[in-house]
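Under the heading transmembrane segment, Swiss-Prot lists 27-47, 89-109, 141-161, 202-222, 244-264, 305-325.
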């Protein structure tokens, strides 16, 4: 974290990231525990939604988020997008709950039992992942593993679609999908991705994304910093604060893209599960409203999912700017001090 030259900074209880700044083992523990929280939410909320699901009301007109996403994967639904078998849904939920306990145990072990620094652990291969925030070689090595695993996730998604199928909103059935591997399609879609209306194109995009991510991951794993470590590559600003700012920028950008996609695209977000497409309105800030006739005080899943993605993305970007400026050395306390001293300031005209 930015210390502005103070060798012994202190942080408030709310600055949780500060406790993991120079302790790679604690940083890993926080990541594992966070994964456990996400898995617990996914499993528990799926069971909660399943207990409240009303088959007489369209899924998209109910306050659901987990069930619609499972339904798009063809889990538990049949023709017409109706839930026909709750067993695979329950299995998915329970699996997430079991994994959340495993992650929680891992987080606690790394936080309480294992060494606070990975470099001091007794396992040789684990020490390879020890890092310092200003060490580009170690950071690019770890980045490579992240990219490679994300690529494997894309491969898994493509293979699921090929062998188990996805829900096709145009046909109203769950069907297998063979990816369209035309690179021209992928290139053109980046300029008009909101209009994609083919599951084959969607899976083709994920297949190419898997290739790019895994190739980039291998590059970062087997190579060190190419060329001299210059300011352009982060020398002087490569820090925990800078890394946090870039992470917030990435998450914020993905949230904004998801908001626009969810608002208008019925291939990826079928109206059977998420409700009708939305209208974009403007007030103090942009917002989306339902086009369906719904009872007073009720909204489609698409409406609140779109709006919450947009506003979370907006504030993530603000967080990115805040931490990026701090990483560059800007001290926001100077702003508050300047405002506080405005009354006593004097202005001279020469």
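Every residue, even glycine, has its Cβ placed from backbone N, Cα and C.
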When counting Cβ pairs under 8 Å to the transmembrane segment (244-264), the leader among 27-47, 89-109, 141-161, 202-222, 305-325:
305-325
For the transmembrane segment (89-109), which partner among 27-47, 141-161, 305-325 gives the most CB pairs under 8 Å?
27-47
Could you give the residue numbers and ranges of same-chain residues that sit at least 6 residues beyond the transmembrane segment (305-325) on either side and whose C-beta is under 8 angstroms from one of its C-beta atoms?
65, 241-242, 244-246, 248-249, 251-256, 258-259, 262-263, 274, 278, 285-288, 332
Who are the chain neighbours of the transmembrane segment (27-47) in space, where the CB to CB distance is under 8 Å and they lie at least 6 residues beyond its ends?
16, 20, 65-67, 70, 89-90, 92-97, 99-104, 106-111, 114, 118, 129
